[in-house]
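As annotated by Swiss-Prot, ATP binding site applies to Ala185, Arg186, Leu187, Ala188, Ser189, Glu190, Lys191, Arg192. Among the features that Swiss-Prot reports, [4Fe-4S] cluster binding site is placed at Cys286, Cys301, Cys313, Cys353. The feature compositional bias 'Polar residues' is assigned by Swiss-Prot to 101-126, 923-935, 990-1001. The compositional bias 'Low complexity' annotation in Swiss-Prot covers 134-143. Sequence annotations record features per position, and here Swiss-Prot assigns compositional bias 'Acidic residues' to 1138-1147. Among the features that Swiss-Prot reports, N6-acetyllysine is placed at Lys1174, with the record citing similarity to another entry. Taken from Swiss-Prot, the feature region 'Disordered' applies to 101-160, 187-208, 923-1001, 1102-1155. Positions annotated as region 'Interaction with BRCA1' by Swiss-Prot, on the basis of similarity to another entry: 888-1063. Residues or ranges marked as motif 'DEAH box' in Swiss-Prot: 393-396.
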Amino acid sequence: MSSVLSDYTIGGVKIHFPCRAYPAQLAMMNSIVRGLNSSQHCLLESPTGSGKSLALLCSALAWQQSLSEKPVDEGLNKKPEAPPSCSCACHSKNFTYSDTNLDTSPHFNSPSKPSSGRNGVSTPCQDSPEKNTLAAKLSAKKQASIHRDEDDDFQVEKKRIRPLETTQQIRKRHCLEKDVHHVDARLASEKRVKPESPIGKSFSDRKDSFQNVDGLCSRCCCSAKQGNNQEPANTVKKDHGGQCKRPKIYFGTRTHKQIAQITRELRKTAYSGVPMTILSSRDHSCVHPEVVGNFNRKEKCMELLDGKHGKSCYFYHGVHKISNQQTLQHLQGMSRAWDIEELVSLGRKLKACPYYTARELIEDADIVFCPYNYLLDSQIRETMDIKLKGQVVILDEAHNIEDCARESASYSVTEVQLRFARDELDSLINGNIRKKSHEPLRDVCYNLINWLETNSKHLVERGYESSCKIWSGNEMLLNLYRMGITTATFPVLQRHLSAVLQKEEKVTPIHGKEEAIQIPIISASTQVVLKGLFMVLDYLFRENSRFADDYKVAIQQTYSWTNQIAIFDKTGVLAVPKNKKHSRQKIGVNALNFWCLNPAVAFSDINDKVRTIVLTSGTLSPLKSFSSELGVTFSIQLEANHVISNSQVWVGTVGSGPKGRNLCATFQHTETFEFQDEVGMLLLSVCQTVSQGILCFLPSYKLLEKLRERWIFTGLWHSLESVKTVIAEPQGGEKTDFDELLQVYYDAIKFKGEKDGALLIAVCRGKVSEGLDFSDDNARAVITVGIPFPNVKDLQVELKRQYNDHHSKSRGLLPGRQWYEIQAYRALNQALGRCIRHKNDWGALILVDDRFNNNPNRYISGLSKWVRQQIQHHSSFASALESLTEFSRRHQKVTNRSKKDEKCTKDNEPTLEVACLEDSTFTSVSESSHQSPENSTEEAEVCVQELQCPQVATKSPSVASHGVSRRKKSDPGLRGESLQTMKTEKNEISRSSSPTFGKQTEPVNWPIFNSLRRHFNSKVKNCTPVLKSSKNRAPGSSTFNKTALPLTGNCVPSNETADTSLGPCLQSEVIISPVKIEATPATNYSKQVFCCEKDLLPDTELSPGTEEAKCPSSNKAAETEVDDDSECFTPELFDPVDTNEENGELVETDRSSHSSDCFSAEELFETATGFGQK
């Protein structure tokens, strides 16, 4: 994380940003804070690479923390007024209290029932002298928080400003306030009088004093408050300290891999220590050896927890070791934002289950990361105990949120699954186990099976080996009514299902007290069937069948091939069929599908409860469908611009191939050989033009397979492989297989030999197009062939189009055709977003289809804003290829030059005069500073010198240098500071360091150093500066002695480094005689070198104790930051293995109090050169 924080105050919220924010980031943070402050929903599109993740995290967490900084409600410190006189028995004059001056809360309606007031404890009398002491109250609140239960969400708050109240309401409020202050004063009094007495003991004492208290009468106004523990919907909850209770932030994204990317971004921020957790499935977090290797991990996990086979999960019993935030954050490596893999490693080490640990951490977490189907699916919310009321929901990568919402409210079950559930319920009934609850559930399965069998005989043929029959939601309600499942009986069925899932049952023996016994329950697979059915039935019956019209119910029959069951002859011998083909049978599979066609059904559970919903992605366009489809009013919408310049991207449409044939990727044209050959020739031409990695996206796997077969037949595939390594995305398969294939692609680009990079042919909506990062050389061009419309013959697509057409006027939905096209644009934008992943990236976007040229108003309007603004239409492929060649050649030349300079720096590094550190840790070649202090009392001078080979007769022009006074070696904080920096250095091309220059290091056997060693024996290029100490410089004689920067303390004494310029260094045979250049006085320091937005003030010393540099918070400074885009730098946008020098420009380098003061040689060289020219 960058240590140079920029502070922005937006909407009254102070946001600590890890760098200078881009205008797109400022716009996003402004929209998010506005939405959170006003409880409005946000729809935000920001292109990939514009720092969207950092803006989301920083703005949301800053707003959340700002709530806890608000002052305590004045009502807590105000003495409650005496309530009006009451004639009830509990307030009569003859009513006496115990001699401990305890006042019984009016919330007690039985002698033994604890108070339902704040913290559930009784209160002292009003005459207690400590009741008005604020310090006592605060101390008591802190003490009470230790023993507080989990029911604080239902405590009634007091507002600073209240509307007019009736007399009865005033009396109720005073009674409540009285109770609240009694709690605080009592705890404070006990802490002062008896500090050694635990709270639990005092509570038991108070409980004993309640035994003689009669219940409240019905006339008492306090009793009217007794059953009113619910808060109004528009109130803000308070925590136990009287401050606003901070809403949790549920941060949902599409995949677990994207969660890992988000947590890495969180580590870069000032909010990296926020309490957090990550929810995941057992596939990602289970560590039990018997479960990990099992196909159905959930079922195996439940068996272990139930102890069915005499075994239990010892990992589950160790959850308490790390189940709270305080314990977790004090463990090694978990104090900052962590990833699920780190939790899994820690759980395996401590024998604690990571899956259940993550669930336990929800309670105290401020931010919860999870796949967003965890928030949309009601079953998963119930399983994970996710409560969204009053919380903040952020859904990143939400371009697929509509499909996910529909799937969350849909359910499919096969006839085989229903029969298995029926048989299992039968066995439990026959065993006389909870017979009354199991019988109604078994009847549901029986009725559905009979209905399936009856209607499967009247299915309509649809396509090859498939048939179906469809009912509307209202028609299905009539069928359910005939089965006995109605609005009145369904709640009873729900109670029966809850009962059969209870593992224990309380029984009372004849002679003995009540005890719990273990009861067998239904298997996990049967639970899934019944819970899924009850979920869709709940939607169908909810609110007088409000959502019934949003469903379609279908019986689908498909066929699958299976091996024939073994047949034995009369003698009992296995009869083997003569023809092996006859050993396989075709079996029909009937499935009952409840399809939700309206994503607003699933979103209704969220929209009615949460405080704010934030939908964001790089490819939300077009935005107009989200509000109508999700049933959510997005009052705040944003389409942010990209952070790159126009010269960094080439966007063009191509309507014809190299031979001039039109390319229209409709179904009719893609079947022709002419189209297939023309696309292949176009792809080959682009591969010969653009180097490194190229991605090609096709509309479907079916077309990919057709093209592959055709190109192999014609020899075009071989031609492609002669230029690049060609990889095709597989359909389905294991995740590990796909990851291995992807690694082959990366390696072909990184370690290219005879071939120039790699070509990856993928499919829109596939694995490659979703969430993968192809930055820099991994994707210098993205080619999309056609427009990826959904399969028009798909039954669900057809039903959805009909549904939208039917409700377009009544509900404001988009017509079916517009909805259909929008699905294609989103998939296309997602594929195009694989290229240009950060500010300094460059690449080409090639859209192959003549429909873009022929009807741009229709087909271009659906693309992302930053693509629409730069798209160019090319009338012929030749003109497009010419323009693409010039673009690629220009940028590739700059990239190659940067890489060459970087390689020169790395190759010459061992010949530099460097002071080796006492520690043998590997250091970064490109970022290490090369200092040789003479002794602990002298200051090192930074000298920029020119390297030359001894064989070169002429010297290059001298470059002016300047000295910078440094801190002394004896500073105790420098050694740890340097070591910490070396561990966190990026872009490491490591080299071993020697304790002295006089010693030769052992050769390194790494492949990269073999090439470096070969280069050391050749001519050394004059491109890398060195840092040389000044032996005779007196203290304070530095040219710039007013500005002191910290110096690492791991340097050798001067007597060990004398005359090292003539000694061998890393076995190099080249001796370089340094040429000292006189320093030229200069006072105009570059802020890019010293990472300050302003020039350093005189006599300013940057030391480990110095606070982190921050951007000015004034309005003028803020305007300057917005206007100056050239200096914006976001760590999120740079891959850890990339270097800033590749882009040919000097980027802000972060300096921190805990990092080394090392400057890269390139920075010093460029800075000194600039000074010399002025």
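Using the three backbone atoms N, Cα and C, a Cβ is placed for every residue, glycine included.
Feature map: Swiss-Prot annotations on the structure.
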| residue | record | CB count, 10 Å |
| --- | --- | --- |
| Cys286 | [4Fe-4S] cluster binding site | 25 |
| Cys301 | [4Fe-4S] cluster binding site | 23 |
| Cys313 | [4Fe-4S] cluster binding site | 23 |
| Cys353 | [4Fe-4S] cluster binding site | 30 |
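The [4Fe-4S] cluster site, placed at the center of the C-beta atoms of Cys286, Cys301, Cys313, Cys353, has further neighbours from the same chain whose C-beta lies within 8 angstroms: Arg282, Val287, His288, Val291, Leu304, Leu305, Phe315, Tyr316, Tyr355, Tyr356. Residue counts for the motif 'DEAH box' (393-396) under DSSP (helix as H, G, I; strand as E, B; rest coil) come to 0 helix, 3 strand, 1 coil.
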